[in-house]
Amino acid sequence: MADPGDGPRAAPGDVAEPPGDESGTSGGEAFPLSSLANLFEGEEGSSSLSPVDASRPAGPGDGRPNLRMKFQGAFRKGVPNPIDLLESTLYESSVVPGPKKAPMDSLFDYGTYRHHPSDNKRWRRKVVEKQPQSPKAPAPQPPPILKVFNRPILFDIVSRGSTADLDGLLSYLLTHKKRLTDEEFREPSTGKTCLPKALLNLSNGRNDTIPVLLDIAERTGNMREFINSPFRDIYYRGQTALHIAIERRCKHYVELLVAQGADVHAQARGRFFQPKDEGGYFYFGELPLSLAACTNQPHIVNYLTENPHKKADMRRQDSRGNTVLHALVAIADNTRENTKFVTKMYDLLLLKCSRLFPDSNLETVLNNDGLSPLMMAAKTGKIGVFQHIIRREVTDEDTRHLSRKFKDWAYGPVYSSLYDLSSLDTCGEEVSVLEILVYNSKIENRHEMLAVEPINELLRDKWRKFGAVSFYINVVSYLCAMVIFTLTAYYQPLEGTPPYPYRTTVDYLRLAGEVITLLTGVLFFFTSIKDLFMKKCPGVNSLFVDGSFQLLYFIYSVLVVVSAALYLAGIEAYLAVMVFALVLGWMNALYFTRGLKLTGTYSIMIQKILFKDLFRFLLVYLLFMIGYASALVTLLNPCTNMKVCNEDQSNCTVPSYPACRDSETFSAFLLDLFKLTIGMGDLEMLSSAKYPVVFILLLVTYIILTFVLLLNMLIALMGETVGQVSKESKHIWKLQWATTILDIERSFPVFLRKAFRSGEMVTVGKSSDGTPDRRWCFRVDEVNWSHWNQNLGIINEDPGKSEIYQYYGFSHTMGRLRRDRWSSVVPRVVELNKNSGTDEVVVPLDNLGNPNCDGHQQGYAPKWRAEDAPL
């Protein structure tokens, strides 16, 4: 039964009006615009009604004005969009515009009417035929509309994070048999898919389209390909969605990607991810684990190495052979904050690798350059990481084999530490950290790194064992060789042609001197070849700075050998070569000044002035000389071939410079200009100048620019260089002193190196497999007033007691406390230098706090002896 409140029902064949007021407010079912589209069809100009329409009886709906009359402006030519008139007309209708959507969501939108500019057809309305309509029949469902997606539309949707706009994407892909990894959905320049695009456009760390995209990729059957699709351009080549999720610090997306099969060993090798010195911006080791470590995300590091899906192998190396530890060393910059997190992450990874892979030590892995993380830290000057590695002390028994520092014994503030010398001092078997620090001149702070314990004490021990004696023997030997060379050159015969006969005793002494000089030249030749071309750390800068004396010795040896060859060949020009060798040989004696602190900085000053200040001065001065010489020589009158005779016609000569200009005038004039620069020249050539005024003007400007300006600038620059070297004289001498020690050690054969090797073989605990952990260690005795011996993992309970251990089946006894050197005291009390064979000095400890402690006074023995240890 019909409700009495219902409005009048339309007659069959009429269009029912919706209930409500005349203004068209919504009170019933809205008139769909898709049905309105059926009203317009036919050709242009067909405006008459059909016979059926003309003959139908009038109904209640006929009181409504004609549609063409109400839309008379919408059917005219030039009106682009009839929907504007539809929205602005006063026609009482319930047609409501649909919600506005993005322009690239689909090609058709219910609730709106779009008129494409290319479609210029005029429409006429179509008469709606009378259809019997059941009052309770459900409204017909609109036909399903298939949206169209392309790369711009898809990238715009994921950038906005709109999941609703992704409705229909799966149907579109399945219908057209497409996938999200197809080329049409990739960025042409980079090969980027929509997943990295979504990860790069997060809002508060989230983008709701990411799970939807992964679900669609799973349903289309290319989940792994979609997740692991890398960038393909040269700039970001190899980067995947997992790299981006880690860089954006989104652990939830990292977990989601790994759970769906992301490659945890994908390598980002693009130019952007290269070191700065190679044109890159941020090098992190290419691998996702290295990226998480280098961006200080320990929670992601733990997940990548311990997740149940696919664990990241911590031993994996990148294209440079670097592990995650190498990558951490590479990003260190010696600042406090950076060093703190790098060292903490370094220990976390090292200990984790030891627990996951007990048979492997991540710290011993070498990269393509043959460098371990410790060597890399030394070569790049990362002093914070370097000091942390060599002084690392692990107290946990399970991972104590990773320690490089062990406390042998402790008593109060005094403790004796054993430092592992592996990689630090290798006795020539392989590249050592000590050689890298000394011979690599690219390290600006290497003098600071040489002061780090145990490097500092290791150098002192080498100097005491063999360095000092060998150095002074070399000094005496070289001076004797140069004296012999000088006497041999001074007493060379002046008559006859070489080789000269040997008849008298003086001649035989000269022969002995020549043989000794030739042998020393050959010896220097081969040793210089070994040092220059077989050095472990070669380089042009290292050659001219650190290896300058080796280069000079090489030139000296070549001159000596060439001079001897010319002498034996009977060429008198051997004398010219010999005198150059003689001068260079005496200049090379400056090398031995580095053994003394008072004279060690002079050679450095000379090197810096020669290669820095004097080189720049000579470059500018040479340009000035050539320019002024060319101009002044041009002003001289050319010489003629006519002879000029005296008044009595007795002395006739052809005029030459300085009276005129001939072919050799330019070179002679350069020498005269140099004399003017140092204030020794004359003006004899002025009389032969064509324009004397111009000639004098040029000479005056030359003297002002060179003698007054350039020379004084050179003096000022040299004074500044000397001042800088003097400020750093201690560090510079320490570096030269270390270079001298290593030069002496490298000149020894292998068996002598091992005989003079510093340190001792010590059992420091148990290795990972339970066997005794025996290492070559170096002992450093230290004093620290700010940290006391509580809960220390010491080896010996009795301070200073001898330890007897077995080594290759033989019994060896370690010496007692060999060096009672108190260093690193905070505050520093005193520094002791051990004198071999004598008692140690008294250490005054008065006025260091309250002498009474716990009701009694604690004191120290008046003398601290190596034989009477402990205290």
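Glycine is treated like the rest: Cβ placed from N, Cα and C.
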If we trust Swiss-Prot, are Ile443 and Gly570 on matching sides of the membrane?
-> no
Within 10 Å of the Cβ of Lys197 (ATP binding site), how many other Cβ atoms can you find? Include all protein chains, please.
-> 22
Taking a Cβ cut-off under 8 Å, which residues six or more beyond the ends of the transmembrane segment (548-568) line up next to it in the same chain?
-> 498-499, 514, 517-518, 520-525, 527-529, 531-532, 574, 577-578, 580-581, 584-585, 587-588, 590-591, 603, 607
Beyond a gap of at least 6 residues from its ends, the CB atoms lying under 8 Å from the topological domain 'Cytoplasmic' (594-608) belong to 471-472, 475, 545, 548-549, 721-722, 725-726, 729, 732-733, 736-737, 739-740
Using the structure shown, find which entry in Tyr236, Tyr253 (the recorded positions) has the sparsest Cβ neighbourhood within 10 Å.
-> Tyr236
What same-chain residues lie close to the transmembrane segment (470-490): Cβ under 8 Å, and 6 or more beyond its ends?
-> 510, 513-514, 516-517, 520, 578-579, 581-582, 585-586, 589, 592, 595, 740, 744
Of the listed stretches 508-534, 573-593, 694-722, the one with the highest count of C-beta pairs below 8 angstroms to the transmembrane segment (609-636) is 694-722
Among the binding-site residues Asn201, Gln239, point out the residue whose Cβ has the most other Cβ atoms within 10 Å, with all shown protein chains included in the count.
-> Gln239
Give the distance between the Cα atoms of Asp682 (Ca(2+) binding site) and Tyr236 (ATP binding site), rounded to the nearest whole Å.
-> 69
Take the C-alpha atoms of Tyr253 (phosphotyrosine) and Asn201 (ATP binding site) and report the distance between them in angstrom, rounded.
-> 13
According to DSSP, which of helix, strand or coil covers Gly238 (ATP binding site)?
-> coil
